[in-house]
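> Reproduced below are the annotations present in Swiss-Prot:
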CARBOHYD  Asn69  N-linked glycosylation site
CARBOHYD  Asn132  N-linked glycosylation site
TRANSMEM  418-438  transmembrane segment
TRANSMEM  441-461  transmembrane segment
TRANSMEM  483-503  transmembrane segment
TRANSMEM  509-529  transmembrane segment
TRANSMEM  533-553  transmembrane segment
TRANSMEM  561-581  transmembrane segment
TRANSMEM  606-626  transmembrane segment
TRANSMEM  640-660  transmembrane segment
TRANSMEM  679-699  transmembrane segment
REGION    715-737  region 'Disordered'
TRANSMEM  752-772  transmembrane segment
TRANSMEM  795-815  transmembrane segment
TRANSMEM  825-845  transmembrane segment
Amino acid sequence: MASFPRFRFLAIAVVFHLVKASVDPTTRRSSSALRRPGHVALIAGLYEDVSAVTTGWKLNPVNFDSVFNRSRHTWSWGSPDILPMFEQGAVPGRVDAYTYGAELEDFSLDGFALDLWVFDHVKELFAEARTNKTLNDALRQDRIVFFLHLLGLDTTGHSFRPYSKEYLNNIKVVDKGVQEITELMKDFYADDRTAFVFTADHGMSDWGNHGDGHPDNTRTPLIAWGSGVAKPQLYPGEVAPGHDEYSSDWNLDHIRRHDVEQADVAALMAYLAGTEFPANSVGELPLSFLTAGLKEKAEASLVNAQGILEQYRVKEEGKKLTELRYRPYEPLSDEGMATESRVAHIRQLIETGSYEEAIEESAALLKVGLGGLRYLQTYDWLFLRALITIGYLGWVAYALTTVIDLHVLHGRIQPSRTLIGTIISTSALTALYASFAISKSPLTYYAYAFFPVFFWEEVYARRESLTEGRKELFGHIKSSSNFVSLVFNCAVYVGIIESLALGYIHREILTILFVIGAFWPIAYGFSFLRQHMALSITWFLSCIAMSTFTLLPPAMTTEDVNMIMLGGALMVLVGIIYLILEDFVLSDFGWSEKPSSPRNHVSRTLVGIQIGLTLLAALVTRSSALSMQANQGLPRGNQVMGWVVLVVSLLMPLAYRAKPNNHYMHRILVIFLTCAPTFVILTISYEGLFYIAFSAVLVSWVRLEHAIYKFPSSSANGAARSAPSPAKPHNLETSQTLPSPFRPLTLRDARVALFFFVLFQAAFFSTGNVASVSSFSLDSVSRLIPIFDPFSQGAMLILKLLIPFALISANLGILNKRLGVAPSALFMVVMAISDILTLYFFWVVKDEGSWLEIGSTISHFVIASLLCVFVAALEGVSAMFIAGVEVSEDVDRAVGKGAVAEVLLEKTEAERDGGAGSGGK
C-alpha cells in the first residue's frame with residue numbers, strides 16, 4: 001500500500017450539481033472566465049497575466065511549476081487544446097496526455113461524445129493495468145494524479161445553451177461517468193486512499209457564453225471527497241454558515257458552504273496528493289476541507305506561508321540588484337518583525353501545542369507575504385503611470401499640432417528647433433535610458449520614455465504653427481457672445497466624450513445621444529428644415545431606430561432565425577428599391593425629366609447578382625441554423641455554399657472595374673451589398689436590422705453635413721465657413737506657389753469629427769459590449785467552422801465586428817470629398833480625441849477586486865488604445881473604398897466664400913500656361 005493518498009482530479013467547464021452524504025457542497029470563485037487562465041490558476045496556483053489568453057492554446061506550454069510537475073506521474077485525458085500545455089511544460093515523461101482529435105469538437109453536434117471518450121479511455125487504462133505489471137506498479141505508486149478534462153458540457157452549453165435538453169442529457173452522462181470511474185478506482189485500489197476533486201475552470205451564462213467576468217461565469221463548483229477530505233458540516237433545522245441569496249435555491253441550507261479562490265485549489269490538490277506546493281503558487285490551503293488534526297493543519301499552514309515568503313525573497317533579491325535605491329516592503333523589512341523571527345515563533349507555538357494560534361499566525365504571515373509580492377509587482381507603477389500619462393498627453397498635443405500645421409495652415413510654417421530645446425530633450429532621454437540600463441528594465445520601458453520626449457519636442461518645434469493656427473481658428477471670435485458660444489460648445493464636446501466613456505459600461509448612453517442627435521437639424525432653423533424636410537425626417541427616423549439597439553441585450557444571447565431572415569429580407573429590399581429608383585437616387589434624391597447619366601447596365605447586373613448573393617446567404621443560413629437546432633449537425637453542402645457566398649460576395653467589387661459607376665451613392669450601395677451576405681451568415685439575432693439602420697444613419701449623415709455646409713443662412717455655418725482672415729504676404733506667396741487642392745479645416749469641422757467618433761463607438765456597442773468580445777456566441781461561426789478552432793473562429797468574429805467600421809470609413813471618405821477637406825484631416829482629429837478616452841481608461845484600470853472589474857477595466861483600456869491605431873487603418877480602408885468615386889460638380893466646386901485651395905491650384909496652372917488669371921477669390 002502507498003503511504004500517501006492518491007489524487008484524482010476531475011475538471012469540467014460548467015456549473016455542476018453533485019450531492020452525496022460524503023460530499024461537501026462548496027462553491028468557488030474563479031479568477032477568470034477563460035480557459036487558459038482558469039486552468040493555470042487551478043493546476044499551477046498562479047493567476048496568469050490576462051494577456052495570456054492571446055498566447056494561444058495548443059503549442060504554448062505552461063512555463064512554470066504545476067501540481068502535475070510536482071507529482072510522481074500524471075495521467076491526463078481530454079482536449080487537445082489544454083493537455084499539451086501542461087505536458088510540454090513539465091519534466092519530460094512526467095505527464096502523459098491522451099487527447100481526442102480536434103474533429104470531435106464539433107459545435108454543430110451534441111458534445112457528450114467528448115466525455116464518453118474520456119471515460120472509456122480511463123477504463124481502458126485500468127483494464128490494461130490488470131494484465132500489464134509495469135503499468136500496474138506505476139499506478140500503485142504514491143503522489144500520482146489522474147486528470148480528466150471533460151469538455152462535453154462546455155461544448156453542449158455553447159451549442160444548445162445550459163437549459164436545453166441536450167445539456168441536461170450531457171449532465172446525466174457526466175453523472176454516470178463520475179460514478180463509474182469512482183467505483184472503478186475504489187475497486188482497483190481497495191484501500192480508500194484516493195482523493196477526488198471535482199471543479200471547473202469557469203462557469204457559463206444562460207445563453208451559453210463565458211469570458212466576460214460576470215459572476216455567473218466566474219462562480220464554479222468545488223466538490224471534494226475521499227481520502228483526507230473532511231465530511232460535510234451539517235446544521236439540521238437551520239441555515240448553515242456561508243450561504244447567501246445565490247445558494248438559497250439549492251435546498252442545501254443545512255450544509256455549510258465553503259468559498260475559496262481558484263488558486264487555492266492547486267494548494268488543496270498538492271496537499272491531498274502528498275506533493276510539494278507548486279513553486280509559483282499563491283494559493284492558500286483551505287483547511288476546512290481537510291480531515292487532518294490541528295497539528296498537521298498547523299504544519300501545513302506554515303509550509304504554505306513559507307512558500308509564499310520564499311517567492312517574495314527571490315523577487316526582492318532580484319529587485320535589489322537592479323535598483324539604485326531600493327525601498328523595502330515595510331512589514332517584511334528589517335525594521336519590522338523579521339520573517340525568520342515570525343517563522344520561529346510559529347514553530348514554537350506548534351511545539352508547545354498552540355496549534356490554533358499557530359494556524360492564525362501562519363495565515364497572517366501568508367497575507368503579509370502576498371502583500372509583499374503585490375508590492376514588488378507594483379514597485380514602479382507610479383513612475384510608469386506618470387511617464388505614460390505624459391506620453392499620451394504629448395501624443396494628443398502632437399496630433400492636434402500636426403492637424404493645425406498640415407490641414408489649417410497647409411504647411412506654410414516650418415518647424416523651428418532651438419539648441420536649448422534639443423539639449424533639454426536629449427538630456428531627459430539620456431537620463432531616463434541610463435536609469436533603465438542600471439535597473440535592467442524591460443525594453444518596453446525605453447519606448448515609454450522615448451515617445452513622451454519625442455512628442456513634446458515636436459510640439460515645441462511647431463510652437464509657431466500653434467500660434468498662427470490659433471489666429472486662423474479663433475480669429476473670428478471677437479465679441480463676448482461668440483466667446484460664450486465657444487465655451488458652451490467646448491463644454492458640450494467634452495460632455496459627449498465623457499458620456500462615451502460611460503457608454504463602455506452603460507450602452508444606454510448611446511440611446512440618449514442618438515435621441516438628442518435626432519433633433520440636430522432643428523439647430524439650423526426652420527428655413528433649413530423647409531429646404532431639407534425629407535432629409536431631416538430620414539435622419540430623425542434613422543437616429544430613433546439606432547437608439548433602440550442599445551436598449552436591447554447584446555446580440556449574443558439566443559439564436560433567432562426569424563430575426564436573421566427579417567434582416568436579410570430588408571437588405572435584399574434595399575437593393576431592389578435602388579434598382580427601381582436608381583435615377584432618383586443618383587440625381588441627389590430629386591426627380592428630373594432627364595437622368596443625370598445614362599444607365600450602366602453592367603453595373604445594374606452586378607447589383608442584381610449581389611442582391612441574389614444576399615438572398616442566398618439568408619436561405620443557407622436558415623437551413624444551417626435549423627439543422628443544427630435539430631441536432632443534425634451542419635450539412636456539408638451548406639458549409640461549402642456558405643463559404644462560396646462569403647468569398648464571392650467580398651470579391652464582387654472587383655467585377656465593377658469592367659464598367660464602373662463612380663457616383664458616390666452607387667459606391668455606398670455596392671459596399672453595403674458587398675458586406676451584407678457576410679453579415680447575414682455571421683449574425684444570430686438583430687444584427688442585420690442594426691446593419692440597415694446604421695447604414696441609413698451614415699448616408700443621412702453624409703448628406704446632412706453637406707446640406708449644412710452649403711446652407712447659406714445658418715449662423716453657425718456662416719461663422720465657420722467665412723473666409724479666414726487675410727493672409728500675410730509671405731503666407732499668400734507660399735500658398736500660391738504650393739497650392740493645396742483642399743480647403744483648410746475650421747472649427748465647424750470639429751463637429752464632423754465628433755459625429756464620426758460617436759458613430760465609431762456605435763458601430764461596436766449597438767450590438768455588443770466589451771464583454772461580448774470575449775463572451776461570444778459560437779452559433780454564427782459554427783455555420784462555417786463547426787470544429788473548434790479558436791484562431792479561425794476568432795477571425796470570423798473579428799470580420800463581423802469590422803464590417804460596420806468599413807461602412808463608416810467609406811462614408812467619411814465620401815464626406816471628406818463633399819466638404820472639400822483632405823482625406824486624412826478628420827481622421828487625425830479623431831485620433832487625438834480617441835486618446836482622451838484612452839487616458840481616462842488608463843487611470844481607472846484595476847488589477848484587484850472582482851474579475852468582472854479587473855477584466856472590464858482592462859478591456860476598456862485596450863479597446864480605447866486600439867482605437868487610435870484602428871482609426872489610422874481606417875483611413876487606408878477609406879481611400880481604397882472611395883478610389884475614383886465622383887461627387888456632384890457643385891460639390892467639388894463648393895468653395896463659395898471660403899478660401900479653398902483648389903481655386904488657387906487652377907490659378908497657378910493658368911499662370912503656368914501663360915493664360916489669364918482664374919480670378920479665384
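Cβ atoms here come from the backbone N, Cα and C positions, even for glycine.
Keep in mind it's a predicted model, so treat the numbers as computed, not measured.
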> Tell me which residues of the chain lie with their Cβ under 8 angstroms from that of Asn69 (N-linked glycosylation site), as long as they are six or more apart in sequence?
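Result: Phe86, Gly89, Ala90, Val91, Arg94, Val95, Pro278.
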> Going by DSSP, is Asn69 (N-linked glycosylation site) sitting in a helix, a strand, or coil?
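For Asn69 (N-linked glycosylation site) - judged by DSSP and reduced to three states - the answer is helix.
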> Establish whether the number of Cβ pairs under 8 Å between the transmembrane segment (533-553) and the transmembrane segment (679-699) reaches at least three, counting only pairs separated by 6 or more residues.
yes
> When you scan the chain for residues with a C-beta under 8 Å from the transmembrane segment (561-581), skipping those not six or more beyond its ends, what do you find?
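Sequence-distant neighbours of the transmembrane segment (561-581): 604, 607-608, 610-611, 614-615, 617-618, 621-622, 625-626, 629, 669, 672-673, 676, 679-680, 683-689, 691-692, 695.
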> Using Cβ-Cβ distances, find the residues under 8 Å from Asn132 (N-linked glycosylation site) that belong to the same chain and are at least 6 apart in sequence, listing them in sequence order.
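Once residues fewer than 6 apart are set aside, Asn132 (N-linked glycosylation site) is near nothing.
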> By a Cβ-Cβ criterion of under 8 Å, what residues six or more beyond either terminus of the transmembrane segment (640-660) are in contact with it?
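Same-chain residues near the transmembrane segment (640-660) but 6 or more away: 600, 602-603, 606, 609-610, 613-614, 616-617, 620-621, 624, 670-671, 673-678, 681, 783-784, 884.
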> If we skip the immediate neighbours and take only residues 6+ beyond the ends of the transmembrane segment (825-845), which ones have a Cβ under 8 Å from one of its Cβ atoms?
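Residues packing against the transmembrane segment (825-845) from afar: 385, 388-389, 392-393, 395-396, 399-400, 402-403, 406-407, 497-498, 500-501, 504, 742, 745, 749-750, 752-754, 756-757, 760, 812, 816, 857-858, 860-861, 864-865, 867-868, 871-872, 874-875, 878.
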> Under an 8 Å Cβ to Cβ limit, what residues of the same chain, 6 or more beyond the ends of the transmembrane segment (418-438), are close to it?
322, 324, 387, 445-446, 449-450, 453-454, 456-457, 460-461
